[in-house]
């Protein structure tokens, strides 16, 4: 910095350079430019001053517009005259070397004061001389400007009704201002000069810091000591305005300390409002009494909302920092002139170089550059004004702010016609019309935003209701927390929808801010698909199932896509309302985490060996495609997710094997959260002709393709991580929506089977169908559904099958129950429709006699059962630690039956229990069921088959699973003075004595838990 300043000083200090002519030229040029700008404004106002701007029509009358135009022109003409006088005054001062002469005179005056001992000897230096010199200039300038000051107040302002000054008050103000100038300005100027003299070439750093401190100190002392010398500040009286302002401050967290009213009407009828206080401290709001008198409460609040906007957006602090930077730049530039010999000599200072004179002359040189900087700051200030207007408008004060701005312009007779150059050069606030337009734009934006917000709120309310309905469905359908956790583990909801983390909030319908984001993992698959193009057309036509194994490494997923495959028969016979209801069910399935795939059945189910005429085939395919498209349209009207109709997805070879044409055609929309709708026709691989096939083939291949894709995903993982790899895609449910519904049962008087274990009951149910009284058509459809379901579940071994009607599939949430598809997703159990899990083996161990009950420990030693798994199942079911020793001591030798489902996913332990009231009475069978969701029915059915005569069990009265027990018991009894409810099932009606014994058994069995 020192080198730069030294270089600049050398360039500026040229011997013989006429700085006087330079400064006179700059001053004259500046006056001419400003006069030109003023003339443009006079011309604009004179030409259009009688017209009411379009934006102000009906808000300001033409008389006010004309009056404001005259006032504006009068002020501009006065400005031109006073500016011309100031220019002539400066030229006179420079021409006749008034500055060096005044400097010499004040020097003699200081010397005489020192000689008379009126000043201490310590004040004999340059600083004292400079203070007297500056004071003399101030007195002379004030005296010369008196006529202009008087004219401005008592002629110009008086003519338009603004002046409230008396001559006495005017003179008093002049003396006070002059006295304050000497009292405050003198010490500041002395410190100013001392810093420059003491710190030499580095003075700009210290001087900038000093002036920054001065600004802050003035912000503190002005309202307390200076303002009261001219105006009276009175605390605002209690009332509506004070309450409204305090509420505004509180809402915006504005640090309001006090509210004042200033008697501005004492000197002028102009109105205003401002804040007092440091930018980062408490504030005082000062309102002119004229503003309160001429404005409504809401208009005043709107104006203050604008001012609070400046505070909230830190405009004051920013401008303070900018002003500091501006001063530093000015002082740095002055460092290049402070010792400029040619500058001082040009103005007659040959022997001395007074710093104060150099700074005054530097001001004239720096003026043009400073005008550019001031213009930039004005542009920034205008931007801040727009922002503050927006702040107030978004507070809801847009209309009041516009009224207040218009009112202020009317009362102050501000010009309503502004030339663009005049406005840009002189105004640090946007013009009224510009501000009104900007406020209108913000209001339009807010209005459209409110419409959008209302739409979003409506949508959010709908989504919230759906979420609440979803959670209530889970709570209603899952009898226990264990079942709910089992569902959530398989179909994870949003974290905010976790019924165990946020049960109260969810049921109270509280909104959450959740970010919506695309599934990036699925996008990797999609991107890989788009980037992978077949090498040629032949290669594209030879895509086989095994080709999935050779695909690129483009999938890295952790979430599992859980597919439910839905086959709809006789779509054409379904009403639009039924289809839409099914759409709502699909929508809820998606929200529960399932991914539906819809397969439309060919009405005729033509096999791929049936000859087909080309023209007839084309019409049939066209018809099926149209049905797919129509289904998509109808479902999307009530479904929150998009559907995509897919045709020609498969190809068939000469052996009749159906295969994908291109797997990504289905996988990409599935990964994107869309519902694929598949039409049952394929392309003949050899002839490339279309062929209609059985929907079963389509479903079989889809399952195999998904399984192959999942295997390939797992195979791509590092060997050591394979055990940790989650499934990419699984087939969870296979649903047949058929007008005939579930498989009829003779046992249930030809109502549908509630649950079928296909591994054990498939052949018997086929035989049973042949005995049912029904039409041959219905029997064939039921048989075909059973065979198809058995075939598909044999491939998708972990899936569950559901047979239901279109009407039941579209059921909404009811008080008495829930939709069977939704219920099965949540619990893996049936409600009304048939649910057909495949491949659950049941092992039943029965005791031979009452006196030779089973011994679990011996069975474990013999390898008949796994005691550790059995213990884990019991503990997991109750959520408590089992005291195994106590439990086995109580039941060993008394176990009448042990039923185990699958790999210890479910079990029932049945014991002989003797009544505590009658020791001679025979034993009764007491049962306990523990199982995963979906297996309880299987275990319960096996229990009833083997213990048909008499079976009792107990449950706590508050247990939500009791609703399930009610449906499966023949009698139940709430035991008084206990937490237990007793349930009974058997072929013989229980007598009163039996009930008493059963109650005794239920209340006497001790728990076997450690905690």
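Just so it is clear, glycine is given a Cβ too, placed from its N, Cα and C backbone atoms.
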Need a hand: TrEMBL gives 306, 310 for Zn(2+), which of 237, 385, 399 is also on that list?
385
With TrEMBL as the source, identify the stretch among 203-222, 243-262, 263-282, 283-302 annotated transmembrane segment.
203-222
Quick check on the annotations: TrEMBL lists transmembrane segment for one of 102-120, 159-177, 178-196, 311-329. Which range is it?
178-196
Chain-internal residues, separated by at least six, CB under 8 A from residue 310 (Zn(2+) binding site)
316, 384, 388
Local Cβ density at residue 306 (Zn(2+) binding site) - other Cβ atoms counted within 10 Å:
24
Taking all protein chains shown into account, the Cβ-based neighbour count within 10 Å for residue 389 (active site, proton donor) is 27
Residue 307 (active site) CB neighbourhood, other CB atoms within 10 A
20
Rounded to the nearest angstrom, how far is the Cα of residue 389 (active site, proton donor) from the Cα of residue 306 (Zn(2+) binding site)?
5
Just jot down the residues in the same chain as residue 385 (Zn(2+) binding site), at least 6 apart in sequence, with C-beta under 8 A of its C-beta; none if empty.
428, 429, 430, 435
For the recorded Zn(2+) site formed by 306, 310, 385, name the remaining residues of the chain with Cβ within 8 Å of the site's Cβ center, in chain order.
307, 309, 315, 384, 387, 388, 389, 391, 392
For the C-alpha pair, I'd like the distance in angstrom between residue 307 (active site) and residue 389 (active site, proton donor), rounded off.
9
